[in-house]
Each structure stands twice: as structure tokens, then as C-alpha cells.
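**Q** Here's a structure for you.
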Amino acid sequence: MAAARVGLVSSSFSHALHASSSSTSTFTVSLRPPRLRLPPYLPRHHLLPTNYPRPSSSAARPRRLRATMSQAAGNPYAAELAAAKKAVTLAARLCQAVQKDILQSGVQSKADQSPVTVADYGSQILVSLVLKMEAPASASFSMVAEEDSEELRKEGAEEILENITDLVNETIVDDGTYSVFFSKEGILSAIDDGKSEGGPSGRHWVLDPIDGTKGGDQYAIALALLDEGKVVLGVLACPNLSLGSIGNLNGGSSGDQVGALFSATIGCGAEVESLQGSPAQKISVCSIDNPVDASFFESYEGAHSLRDLTGSIAEKLGIQAPPVRIDSQAKYGAVAQGDGAIYWRFPHKRSKEAVWDHAAGSIIVTEAGGLVKDASGNDLDLSKGRYLDRDAGIIATNKYLMPLVVKAAQEAMKEEGILG
Ligand SMILES: Nc1ncnc2c1ncn2[C@@H]1O[C@H](COP(=O)(O)O)[C@@H](OP(=O)(O)O)[C@H]1O
Ligand SMILES: [Mg+2]
Ligand SMILES: [Mg+2]
Ligand SMILES: [Mg+2]
């Protein structure tokens, strides 16, 4: 089989195929796709049609969705947006192939004891591949991504590495866009494409390959582009989130499409479409201005946010509706489309918040007309490297509620001794 080893700098497959050898190569381009089969314990095309519970307050009903033209018209980042959508859609396909329970069989523990799975690694590799193949200016490719190859290079990780390699190659063959084959070394090297430190100058992709690894039903593949220190686009693939039941507060009907793709580009608004490719719909945050009518989202995982504190903030605001707890940045998507009024997180300690946990979600909310601030009411600064430099807590809501929520949060934090 003829094959050319190439670096990931080509903007098209045909270009890549004719590229000369490079010692920095991370994958092999083959003239004939390899014949690969998923291991039997990794079933394909199996979806969990789950939905998060809808807020019970009728005032939290969102505005009707409006069909819009694609964000391509007049969008200076149209090419990057198209590449980002393609990247997370392909990664979502891999994630769907590896369902949660099966996914746990390939679980690795990171140094901080948080889990990372074959799907986290696989998703990160596919996003990096698609961005390098599709996005312009890929010669200066920089990506700040959550995972690295350290655990996979350790003794005992051979089987997991083999599973990831098979899974990634199988997904690429199934998709059919790229005739690319990853070796095990290529897999390790592609994961480490995400080691950039980001920062205030130049362009950096920011990726959470699976947000919500350790959680309930919801997870997201979250990808954003940072340009000169500002988030300029974000896409959020939520494979288990239902579309089409937005006005139905009792949850989705069996006819609902499952799999949502949120996207936003700076100055162009925010949209949602089906992961299977329905026309995009413009979205906007709700216009509730009385907190009594508001509902709020917070982490499904109790360890990720101080529930005593958020209970006290909710009480100060007079919020009647019970908390809606879901995993991942799907919460940002839910606020952006007006499913609820507020998303907040107040970590237990002043733990570091990673840029990939907020970059995509925050621009989707701000482009939907909302605000995203820290607990002191300051804008988030995602240009400080891999972690946010912020005051305790993150709040996403509309412009009416933000000052009220910040005030209540400050008071509650003082009472709890969290602020001096
Ligand atoms: N103790 C903790 N406090 C705050 N956040 C935490 C945490 N442990 C993990 N996280 C972060 O919370 C994210 C999930 O967000 P949420 O709580 O909104 O579902 C995780 O993303 P990953 O699943 O990508 O690791 C992880 O970055
Ligand atoms: Mg993680
Ligand atoms: Mg995350
Ligand atoms: Mg993650």
C-alpha cells in the first residue's frame, strides 16, 4: 500500500497526500483505507435519548425560536466556524459509539484523580485532525486542550492505547472524508497537540473533548477559538440533549430529535441546530427580570459547586423553582436558548477553573444576549493561559438578573465566610 507520512499542516486531503516526508508527522495518509473493526465491546450508533428536566416555572418559557440564515453571511470567522462544527460533529460520533457504561471500562485516572476515558482521548484526536485539515492558517496551529498523553505512555496502558487507536481509525473510515490512518505513536503525538498554553496573543483553539466525563446523562464537546485574547467563536455539541421540545416543560416527546449543536461567532449571534444537520435556529436568553420567576442550572455533581451557598443565594433572590442539575456546558446552551434564566457554579475551594470548561459556553451565552461574569461581576478573562484568573464563582444570566445575582452572591459568600 502506498502511503505518505505528512505533517498536519495541509489544508486539504489531496494536498496532504502529495506532501513530502516529515520527521514531525503525526499520522499516515494511505491510498487505501485500512480495514478496521471496532472491538466487540464498543458498539456503534447507540444513543441514549435522555433529556434534562425542564424548569417548572412557566415564566421561564423561552421565546420562540426563529429560523435564520446561516452565520456564514458576513462572518469573518465563517471558515473556522465550519471547521469547528465539523470537528465536534465527528468527535460526537465517536463519543456516541462509546456509551457511558462501556466507556467506563476504558477509564484512566489522571494525577488529580479525575477520570479520563478512551472517548476523551479519541474526541481530542479527531478535533485536532479536522481543524488541521480544514481550518485556514493551520500552519500556526495552537490548541489548548484538556487531555495529554502522559497516562497513556505509562506501562500498563497498552491495551487502552490500542483501543483508542482502533476507535479513532474506525471513526475516520466510517466518516469517509479523510484517508488518514493513525499509528499508536501518531495517536500519542496528536493528543499532545493540545498542550498549548494559550494566552493573549495569536490564535488558539480551546477544547474540552468531553465535558461532563464524570456525570449523569449530559455531556458536551466544547470547542472555541481565542483570537488576540478574545473568544471569537464557540461550538458546543451536546449528543444527549433533545431538540424541539423547548416549550414543553415536562421534557421531550418521543418524536424529539436528540443531539444539539450550539454555535456562536462574535457579533453574529448564537444558534442551535441538530447534530444530524437540521437548519440552524437563532437563539436568545430569556427576558425574565424578576428573580422570583427565574430558574437556575447548576452542576449535577455535588462536588463541583457549593450547594449550601447556592441554596442561600436562591433564597435571597426569592427563586421559587427547584435547581435544575445537569452536567457539562450543556447548561450554557440551555441558558442561551432561554430554557432557564441562570447558570452558576461556586466551586468548593478556590479551585482552578479551566479555560476549556467555559470558553465555548460563555460566547454562546453572550452572543445570545446574555452575560457571563465571575462572582464579583467581572468579565471572564480567558487569555491568562490554561486556567482562568477569576474571583470565586461563575454566573451566566441575562442583563436584568446579573446585578441582582452578583449582589446576592456577594452577600451569601460574606455570610458563609467565603469572602472577607
Ligand atoms: N471539584 C471540582 N470543582 C469544580 N469543578 C470540577 C471539580 N472536579 C471537576 N470539575 C470540573 O467540572 C467539569 C464538569 O462541569 P459540570 O460540573 O458543570 O458538569 C469537569 O470537566 P470534565 O468533565 O471535562 O473533566 C471538570 O473540569
Ligand atoms: Mg476532565
Ligand atoms: Mg470540562
Ligand atoms: Mg473534559
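Cβ atoms are placed via backbone N, Cα and C, with glycine included.
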**Q** Do you know which of D293, D308, D339, D357 TrEMBL groups with E146, D208, I210, D211 in the Mg(2+) site?
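**A** Record check against TrEMBL: Mg(2+) site with E146, D208, I210, D211, extra candidate from D293, D308, D339, D357 is D357.
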**Q** Looking only at D208, D357, which of these binding-site residues has the biggest number of Cβ atoms within 10 Å around its Cβ?
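**A** Checking each of D208, D357, the winner is D208.
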**Q** Please list, in sequence order, every residue of the chain apart from E146, D208, I210, D211, D357 whose Cβ lies within 8 Å of the Cβ centroid of the Mg(2+) site.
**A** L207, P209, G212, T213, A220, I221, A222, S328, Q329, A354, W356
**Q** Are there any residues in the same chain, six or more apart in sequence, whose C-beta is under 8 angstroms from the C-beta of D211 (Mg(2+) binding site), and if so which?
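**A** Set apart from D211 (Mg(2+) binding site) by at least 6 residues yet with Cβ under 8 Å, we have Y219, A220, I221, A222, D327, S328, Q329, W356, D357.
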**Q** Listed binding-site residues: E146, D208, D211, D357. Which have a CB under 6 angstroms from an atom of ligand 4?
**A** E146, D208, D211
